[in-house]
């Protein structure tokens with residue numbers, strides 16, 4: 001596929017994340033209530049206004065009036081396809097709809113972005129093999145790096161939906177229980193090993209009740225976002241046995257404001273890697289269900305300039321989101337519209353491909369030097385972390401924009417906690 | 001306190017869970033839409049109808065028209081107190097309101113109960129010391145039974161809100177990945193070690209954003225339910241390292257249909273036990289925040305009669321719900337109206353006080369003999385499990401009713417999983 005031309009001039013370049021091929025879904029405001037919009041070039045098409053005006057109509061609608069994309073998700077795949085087809089036709093070069101659509105464009109520079117959907121529940125996985133191997137090596141040595149179940153199960157745990165925030169939201173360093181390996185007792189105070197995790201988030205667009213196949217799971221995924229699973233490593237180390245991470249992961253989970261639909265990513269499908277151990281039949285994929293998406297992490301110290309501290313690709317995952325969603329339903333677990341599945345940290349094979357600072361600095365033993373000459377093992381107050389991602393086509397790209405967050409100092413420990 | 005007399009005759013006895021002292025909140029239907037009701041004796045007061053008719057008015061209302069108690073919770077503690085005071089006055093012996101209220105009574109025998117509230121998110125804790133010690137002993141021996149963090153942290157993990165169902169809902173035995181200790185590879189099939197966990201559930205009635213104290217946490221709790229955290233032990237054993245239980249706990253979580261308010265439980269407050277290790281200041285309780293609630297578990301084989309297989313008390317918990325909720329907020333985790341916190345399995349010191357069949361049968365090594373002569377290590381298809389609970393006053397009790405569920409056979413493994 002090549003670049004599809006639009007009458008929105010800024011969309012007709014390989015420098016934009018948002019050509020006509022993409023058309024990601026977000027929620028924006030200029031003044032007043034947040035409303036559903038679609039990115040095209042450097043503009044946002046106010047589809048809520050178009051639907052309210054009767055210019056854009058969808059079977060069984062309205063679906064675009066709630067300030068969230070959940071209603072569209074719940075409407076099902078026929079509506080998903082119809083909306084995308086209508087928007088691609090109306091925004092195409094030479095389209096007769098230009099006159100009626102053009103008044104509903106808003107410059108992205110003038111808009112504030114909001115959460116694109118209501119998160120029903122949030123599940124985070126641990127499905128990147130390089131990440132699991134790196135973390136396992138640090139804690140248990142290379143011989144025992146991967147847990148025995150890792151090659152059979154897309155390991156996941158339930159996260160906290162209330163932690164999910166949109167890109168641009170400031171992140172406050174958490175307090176928590178901390179106990180160093182040489183401390184006799186824990187103390188309460190600010191996390192000193194606060195970290196990112198570079199992930200993709202898959203959004204469940206259709207409900208299920210009972211076990212579904214990998215193919216059905218893929219069909220039920222509405223789209224993808226970039227996801228930063230902020231993690232307090234020192235809180236995690238003390239709390240996570242035996243029932244998994246809890247407060248270490250509850251401070252915030254940032255997502256990109258634009259949902260890139262599965263349809264937009266179709267040209268970039270790729271397969272999960274060869275298996276080190278044969279999967280059980282239910283987890284086998286009938287076709288390629290990963291995507292070739294280049295990813296990078298930038299770190300900007302306060303009043304400094306950005307260093308790119310990692311480059312990797314979503315195709316490094318061992319398990320696809322479809323496999324994860326399928327596994328999620330094995331016990332009969334009901335899935336709902338708006339469930340968010342974090343991929344797990346996406347690290348590649350080499351040092352520059354690591355998706356967490358825990359791995360980049362090897363647990364703090366090998367601090368990184370930034371372009372400014374500053375040194376980092378974990379995030380410092382005032383640092384802004386940005387994840388970016390895009391699938392690269394011929395002369396165009398399908399991008400996610402970015403997910404950014406600045407770390408603010410921890411709140412003062414309250415009197416009742418001293 | 002003694003029994004408060006009502007003009008509803010069936011409420012004036014120590015044989016009912018629902019005297020005027022209690023007034024728990026549920027959602028019921030006879031025909032048509034589920035609506036908010038309050039239990040009194042063997043009746044339900046249709047408070048939704050009373051509010052709609054203008055007989056019962058609450059400041060800032062209506063709050064009782066959505067078929068769930070979340071609106072009342074969100075209204076805050078002044079409304080909680082006002083509603084309880086108005087109902088206790090109107091239902092009291094000799095009340096002038098009898099004429100206007102009596103037409104809105106429905107016999108519990110004629111009603112179907114529904115979920116009493118919309119669960120925002122569900123967190124399950126592991127805060128019963130006898131349970132943690134028993135399970136730890138089975139897996140690691142008595143010397144290493146309690147994890148090192150256990151005496152410092154109310155250990156919890158995020159559960160799956162979509163798993164929560166009301167008492168009476170049939171439970172379907174899950175399929176899952178299973179790998180016995182002597183198996184080389186896992187297989188996919190029905191759980192053979194399906195279990196209960198006897199717990200109390202605390203319902204968060206007010207939101208918080210940032211860390212709150214134990215006292216504030218207690219103030220934010222709207223009420224309590226009985227909770228059965230159905231657990232597939234064999235799925236759990238293979239999946240839970242390193243990130244905790246996932247599909248083992250996602251099949252179902254049953255709760256009692258009646259929310260017993262914190263106000264109704266006030267006379268039964270009791271303290272958590274002496275500490276084996278001093279708690280960090282933030283976790284110290286300014287007063288008694290547990291409750292003296294007798295609990296029991298009944299098992300009825302299909303077409304058989306019930307055996308009581310455990311008796312224990314909520315006062316066996318090491319951490320209160322207020323301590324758990326406080327800890328939940330340490331990282332800045334936002335809590336929401338309708339969050340549900342499971343206490344963790346409530347086992348007492350003796351063999352007959354164990355709150356899970358895993359403990360009762362000591363991992364299957366010591367099967368129990370039921371009154372029918374049948375033998376159980378874990379739940380068999382067709383078994384009905386019932387939890388009951390009540391706080392015992394002088395000449396009255398404040399009860400929760402029961403939470404019951406029958407286990408149905410596992411679904412056939414689908415073709416794509418063979």
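Each residue, glycine too, has its Cβ placed from N, Cα and C.
The record from TrEMBL ties A:197, A:199, A:229 to Ca(2+), and of the options A:99, A:110, A:124, A:294 it ties A:124 to that site too. Among the recorded positions A:131, A:140, A:236, A:240, A:249, A:345, the ones whose Cα is located within 10 Å of the Cα of residue A:199 (Ca(2+) binding site) are A:345. In the three-state DSSP scheme, residue A:199 (Ca(2+) binding site) falls into the strand class. In the three-state DSSP assignment, the secondary structure recorded for residue A:229 (Ca(2+) binding site) is strand. What surrounds the Ca(2+) site, by Cβ distance within 8 Å of the Cβ centroid and not counting A:124, A:197, A:199, A:229, is the set A:198, A:227, A:228, A:231, A:249, A:253, A:342, A:343, A:344, A:345 from the same chain.
For chain B, the nearby binding-site residues by a Cβ gap under 8 A, listed in sequence order, are A:126, drawn from A:126, A:140, A:197, A:229, A:236, A:345. Sparsest Cβ environment among the recorded positions A:131, A:140, A:249 (other Cβ atoms counted within 10 Å): A:140.
Checking Cα-Cα distances from residue A:236 (substrate binding site) against the recorded positions (A:124, A:131, A:197, A:229, A:249, A:253) with a 10 Å cut-off leaves A:249, in sequence order. Between residue A:140 (substrate binding site) and residue A:124 (Ca(2+) binding site), the C-alpha separation comes to 22 Å.
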